[in-house]
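Annotated features in Swiss-Prot:
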- 20-42: transmembrane segment (TRANSMEM)
- 50-70: transmembrane segment (TRANSMEM)
- 72-92: transmembrane segment (TRANSMEM)
- 99-119: transmembrane segment (TRANSMEM)
- 123-143: transmembrane segment (TRANSMEM)
Amino acid sequence: MNILLSIAITTGILSGIWGWGAVSLGLLSWAGFLGCTAYFACPQGGFKGLLISACTLLSGMVWALVIIHGSALAPHLEIVSYVLTGIVAFLMCIQAKQLLLSFVPGTFIGACATFAGQGDWRLVLPSLALGLIFGYAMKNSGLWLASRREQHSANTAVTK
């Protein structure tokens, strides 16, 4: 069984579980899938990738709240929102000099989830966090399944 098929199987199973779990817990299922996406897209794998993804998602949420609350200070001057968005977008990219904030797409995913969740960080945060953990489980259980299948095939070939 190849790696892609193994990851597809575990992702399919765990996606169904996540969909049910998110609804049962009153979380945003779509935000959870953004958390999954962040882990899958992060160039680092394993625990390091999980940590980097978590830090960038969280920083994106904070930056989105800066834009939301900063824009609210001058609601009748739309230009303030545009300038603030430009400055924050610059900072979201430049922060990638730091290893734990080096996954720029994760930062933007966290910000977009916060905007889509209308700034309700108390709902967005656990949705993203659990989704991120599910993404970690999806990919790593798929890799485990593929390696187990490969070991089984190798053992079968040796005994023949």
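Cβ from N, Cα, C; glycine included.
Quick caveat, the model's predicted, so the values are computed rather than measured.
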Pairs of Cβ atoms less than 8 Å apart decide it: which stretch in 50-70, 72-92, 99-119, 123-143 has the most with the transmembrane segment (20-42)?
123-143
Which residues of the same chain, at least 6 past either end of the transmembrane segment (123-143), have a Cβ under 8 Å from a Cβ in it?
3, 6-11, 14-15, 17-18, 21-22, 25, 27-29, 31-40, 45-46, 49-50, 53-54, 57-58, 61, 110, 113-114, 117
Sequence-remote partners of the transmembrane segment (72-92) [C-beta within less than 8 Å, at least six residues beyond its ends]:
59-60, 63, 66, 104, 107-108, 111
